[in-house]
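Taking it in order: structure first as structure tokens, then the write-up.
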Amino acid sequence: MTDYYEILGVPRDASPEQIKKAYRKLAREHHPDVAGSDSASEERFKDVSRAYDVLSNPEKRRAYDLGADPASPGGGMGGGFGFQDIFETFFGAAAGAGAQRGPIPRARRGQDALVRLDLDLTEVTFGAHKEVPVDTAVLCPTCGGSCCRPGTSPRTCEVCHGRGSVQRVARSFLGQVMTTQPCAACHGFGTVIPEPCPECSGEGRVRSRRTLGVDVPAGVDTGTRIKLTGQGEVGPGGGPAGDVYLEVHERKHDTFVRRGDDLHATLQVPMTAAALGTTLQLDTLDGEREVDLRPGTQPAQVVTLKGLGVGHLHAGGRGDLHVHVEVQVPTALDDEQVELLRRLAVLRGEERPESRLASASSGVFAKLRDKLSGR
Ligand SMILES: [Zn+2]
Ligand SMILES: [Zn+2]
């Protein structure tokens, strides 16, 4: 005998609710409209329906538990399969759920918007107040979002009587099936607008250009998004506004390069100044600052100016400014300069410099290699 409990996947002492729940789940999975119309799923669907027919009826279930099969021909009950009941149980409940949902609200939330915000290095370093123009939708000033010509109001849909949906009876191989569809006359809203607002054509909102003021915090970077809650477009039907996200794009600076919250700059120093030492005025984002170069300053030497970098985002303090020294070797020397440099070379015993290879661990290349390999 067929094990109807096994087909529904419920224990033998399952409650009517458990049986109903198991049946609904399986019927959804194996319904021909979902599973396709291949014969295997049709058979499975019939099995599931037959099992439910027996186990959902207290009399049939008792007979089945005692060893009779009420669903098989000559099984004793003679009641047939009762598919109509099953469909009413299943689809009737589904239609009920649909009706409970009711009409779709006409007012819906507006979409979020992503707006690009270009900032220069000074602005991301110190933070800035920006006025950002955005093209968006605002509440229609004529109808205030009601979508109706002033003095008129929405009317209940005569086709669906305000439900927003209509029920149709379709025939299937197992009998009549009730389906619920959105009402075409009112697009599911349950109401129609007899006279749309002339300004917004019944949308409840109109296009507009607004300017949003925003305080950009110090430390934002390319890709940082700033959320302006409720500053986006008003939704259809005058629905609540979406959000605006400002996405930061930092413009390249002429002299400073940003790495994290530190800034880097290259300072070009004549060979003589590097050798003799000097004090230079440096144009920083905080105005002029003095940079002291000691006598004997080397190429690629770094002078760090503490706290002159970018402000840390949502935290106190700032990064540093690293000044990289680039020693410039003079070119296009005139006769007198050549003579002076020759004399210097003689005085330093450097007229014929020996070939001297730096140790592998201390040379420029070693530092470069360490940097590349991340050591
Ligand atoms: Zn309007
Ligand atoms: Zn309708």
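Cβ atoms are placed via backbone N, Cα and C, with glycine included.
Noted in TrEMBL for the protein shown:
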{"type": "BINDING", "residues": "Cys140, Cys143, Cys197, Cys200", "note": "Zn(2+) 1 binding site"}
{"type": "BINDING", "residues": "Cys157, Cys160, Cys183, Cys186", "note": "Zn(2+) 2 binding site"}
{"type": "DOMAIN", "residues": "3-68", "note": "domain 'J'"}
{"type": "DOMAIN", "residues": "127-209", "note": "domain 'CR-type'"}
{"type": "ZN_FING", "residues": "127-209", "note": "zinc finger"}
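Looking only at Cα atoms, Cys140 (Zn(2+) 1 binding site) sits nearest to Cys186 among the binding-site residues Cys157, Cys183, Cys186. Taking the C-alpha atom of Cys157 (Zn(2+) 2 binding site) as reference, the shortest distance to any of the binding-site residues Cys143, Cys197, Cys200 belongs to Cys197. Ligand 1 lies under 6 Å from the Cβ of the following binding-site residues, listed in sequence order from Cys140, Cys157, Cys160, Cys197: Cys140, Cys197. Taking Cβ-Cβ distances under 8 Å and a sequence gap of 6 or more within the same chain, the neighbours of Cys197 (Zn(2+) 1 binding site) are Cys140, Thr142, Cys143, Ser146, Cys147, Cys148, Arg149, Pro150, Gly204. Between the candidate binding-site residues, Cys183, Cys186, the densest Cβ environment within 10 Å is the one around Cys186. For the zinc finger (127-209), the model gives a mean pLDDT of 91.
Cys157 (Zn(2+) 2 binding site) has a Cβ environment of 21 other Cβ atoms inside 10 Å. Calculated from their C-alpha atoms, the gap between Cys183 (Zn(2+) 2 binding site) and Cys200 (Zn(2+) 1 binding site) amounts to 24 Å.
The Cβ neighbour count for Cys143 (Zn(2+) 1 binding site), using a 10 Å radius and every protein chain shown, is 24.
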